[in-house]
Amino acid sequence: MKYSKITTTLAALALPSIAHAHVGLHADGTLAGLNHPFSGLDHILAMVAVGFWASTLGGKAVWIVPSAFVIVMAGGGVLGIEGIALPMVETAIALTVAMLGLLVAFEVKIPTPVAAIVVGICALFHGHVHGIELPTMSNATGYVAGFLAATVILHVLGIGLASLRFGKAGQVVARVAGGAVALAGAALLVG
């Protein structure tokens, strides 16, 4: 009886290797999408800052603000994939990085719905850039799912980092980090 369970378990573990008949058909888009937000400092800084700022707002903002970002970014991604242009996208992205850094640095408190709109505007441009950079031959649905998942990871990282800001030293570090993000956004604007 024991032999049968071991054999069955080993056979079951081997089955997934048989199921690779469609390698790359869907994974390429998903992996490219997962990678894209991590390929640019502007995206990393903005998305971590969104999570951080949402955490400082507290309450329902911790999940509403990042969720608004992800939802609107998906729409922006679709616009980019469809080739629908937005004005001054790169400038807007640099401005969003600077603005989000300032929101973190000064621990700006605004109502959650307003914060969701603010990050939604930022997300539209970030999503648009992700969409227009869809790699050739990639699965668009997988690509969008990938960059949305990566965004959630970066938001969670920001929320986690914000949890370290307690005490005077933590608050100073948070303000300096927010200022550094704002300066990075300004640097993106000029160069």
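Yeah, the Cβs are placed from backbone N, Cα and C, and that goes for glycine too.
If you look up Swiss-Prot, you'll see 1-21 marked as signal peptide. The feature transmembrane segment is assigned by Swiss-Prot to 38-58, 61-81, 84-104, 114-134, 144-164, 170-190.
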Take a look at 38-58, 114-134, 170-190 and tell me which one has the most Cβ pairs under 8 Å to the transmembrane segment (84-104).
170-190
Given 114-134, 144-164, 170-190, the one sharing the most C-beta pairs under 8 Å with the transmembrane segment (38-58) is 144-164
Among 61-81, 114-134, 170-190, point out the range having the most Cβ pairs under 8 angstroms from the transmembrane segment (144-164).
61-81
Which bits of the chain, at least 6 residues beyond where the transmembrane segment (114-134) starts or stops, bring a Cβ under 8 A of a Cβ in it?
29, 32-33, 36-37, 43, 46-47, 50, 53-54, 57, 61, 64-83, 86, 89-90, 92-93, 96, 99-100, 103, 140, 143-144, 147
